[in-house]
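The active site, proton acceptor annotation in Swiss-Prot covers D434 and rests on sequence analysis. Annotated ATP binding site per Swiss-Prot: L315, G316, Q317, G318, A319, S320, G321, S322, V323, K343, in sequence order. Per Swiss-Prot, the feature domain 'PH' maps to 23-125; the stated evidence is sequence analysis. Positions annotated as domain 'CRIB' by Swiss-Prot: 129-142. For 309-566, the entry in Swiss-Prot reads domain 'Protein kinase', with the evidence type sequence analysis.
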Amino acid sequence: MLLSVRGVPVEIPSLKDTKKSKGIIRSGWVMLKEDKMKYLPWTKKWLVLSSNSLSIYKGSKSESAQVTLLLKDIQKVERSKSRTFCFKLRFKSSTKNFEIQACELSVADNMECYEWMDLISSRALASKVSSPMNPKHQVHVGIDNEGNYVGLPKEWILLLQSSSITKQECMEEPKAVIQALDFYSKQLDTTSETKDSFSFCKETLPRSSTTSYSIRDADKHHKLTTSGVTKMNITERCKPKTTIQTDKKHIIRPFIEDKSHVESIMTGKVTKVPVKADSKNTLSRRMTDRQALAMLKDSVTSHDPVEYFNVKHKLGQGASGSVYLAKVVGGKQLGIFDSVAIKSIDLQCQTRKELILNEITVMRESIHPNIVTYLDSFLVRERHLWVVMEYMNAGSLTDIIEKSKLTEAQIARICLETCKGIQHLHARNIIHRDIKSDNVLLDNSGNIKITDFGFCARLSNRTNKRVTMVGTPYWMAPEVVKQNEYGTKVDIWSLGIMIIEMIENEPPYLREDPIRALYLIAKNGTPTLKKPNLVSKNLKSFLNSCLTIDTIFRATAAELLTHSFLNQACPTEDLKSIIFSRKANTHIN
């Protein structure tokens with residue numbers, strides 16, 4: 001039956017329709033409590049979700065609804081701590097000047113809770129009226145009569161104009177726009193000497209890392225030199241292959257490969273490069289560099305690495321160095337490894353050498369079947385750092401995703417092994433901070449390991465939260481984009497985004513420019529699947545456990561390892577088919 005509510009035709013299921021499930025998306029028993037009447041007990045109600053409304057009935061046989069909410073009036077759906085399996089709805093009241101009210105709904109189990117939340121939030125978002133709303137006065141952003149942005153710093157206006165964020169979105173969600181601009185501008189205005197950098201690189205390229213590599217054609221890498229702000233237009237899965245690195249002049253510098261550096265690793269001959277005299281502005285940093293360099297010397301092998309390794313060819317390249325395949329020679333004992341991956345880093349290009357030291361230390365200490373094995377490291381002429389690690393000959397998960405459609409059993413296996421590695425790190429108070437398919441490697445046997453510890457951080461007893469902005473934005477948790485304190489659960493969010501990669505071949509918002517992607521993460525929170533009907537309830541439940549906005553309710557790695565979805569993981573050997581299928585298509589040995 002159709003009723004007109006505030007001029008909008010609303011479908012309210014009748015008892016007859018309810019019995020026949022006509023027009024009903026979902027229905028079921030819930031326990032209800034209104035926020036404004038917290039002193040009253042929870043009451044049992046029959047909840048019915050239709051295409052554009054949510055109705056509450058006294059019972060499953062009631063003829064008419066006690067309360068009907070328009071989905072477009074629902075402002076937020078979130079977990080609540082009032083009961084174990086409980087969520088809260090925030091909505092506009094139709095009787096009290098459209099003020100925001102709330103109610104809490106409790107259900108039988110966790111999966112049912114997430115299913116209700118997913119169905120309501122996705123349909124509420126789709127039913128929003130597209131007309132602009134008045135901007136919030138506490139956020140100083142607006143548009144004047146001539147269509148110009150007002151109330152923003154000039155630099156932010158330039159960023160906004162370069163992005164694909166619309167003026168209507170600025171009016172509707174000014175807070176999310178401010179958060180995105182503030183986050184992005186801080187990366188432009190801050191050098192890597194004072195903040196950890198982050199990357200909009202969406203390719204399997206090693207960055208300022210000592211541990212990751214991929215099998216790529218280096219000649220296909222794009223060079224990017226842009227002054228000011230560049231509007232990015234991403235139209236295909238083949239993503240930009242350049243890490244954005246910025247200085248105070250807002251210049252995005254290209255990666256220029258040092259030819260002498262390449263020659264040195266391929267031939268074993270190292271060319272000395274004159275070191276510029278220290279200026280007053282860099283003296284204190286150089287002192288820190290010397291200290292880090294001294295510690296590096298103490299932690300590496302002093303012998304000439306050329307005696308032990310026969311470098312074959314380049315595997316991958318990043319903004320800070322290259323990764324090479326090498327054969328172990330000269331009687332060097334590296335356990336079962338006869339082939340290794342060598343990451344060569346030019347330390348003169350690294351403004352924060354202590355980060356490299358931290359990365360090596362974490363990797364050396366993180367001995368686990370699901371973490372790439374660190375083998376050795378060498379410092380050549382106090383400039384080139386060679387980090388030797390096990391060679392994962394099947395490449396990255398990104399390569400697999402691009403060539404093959406994964407089954408849920410295969411996704412479960414990859415999630416299980418990745419969760420084990422994450423749990424190992426979290427148990428030692430280490431956050432990876434850059435979990436994504438690029439940083440999950442496989443070998444020909446189907447073994448799965450986490451790599452790239454360039455962004456990792458340690459938490460202490462006194463400091464169990466961080467606020468630094470690192471990682472790859474498309475995989476970032478909302479609390480990082482909003483610059484709130486965060487902990488180990490940012491890795492769980494990134495794992496959830498990686499699951500969407502495995503389902504849909506790419507993370508959410510990949511085709512958006514970076515500023516708009518940050519805006520959408522801040523605005524939308526939990527992303528929605530493009531075709532949720534093709535995904536099983538068990539996988540959706542696991543995904544929701546990873547992508548809960550409220551970190552209190554977001555699962556830990558240990559909790560995920562007990563989830564029933566992982567019970568359907570295929571044997572490791574079953575991954576061989578997609579590995580060799582991908583190799584056959586790309587002619588990789």
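Yeah, the Cβs are placed from backbone N, Cα and C, and that goes for glycine too.
The DSSP breakdown of the domain 'PH' (23-125) into helical (H, G, I), extended (E, B) and coil residues amounts to 22 helix, 45 strand, 36 coil. The separation of D434 (active site, proton acceptor) from L315 (ATP binding site), Cα to Cα, is 21 Å. Cα separation, D434 (active site, proton acceptor) to V323 (ATP binding site), rounded: 19 Å. Ranking the binding-site residues L315, V323 by other CB atoms within 10 A of the CB puts L315 at the bottom. The secondary structure of L315 (ATP binding site), as reduced to three states from DSSP, is extended strand. Residues belonging to the domain 'CRIB' (129-142) score a mean pLDDT of 44 in the model.
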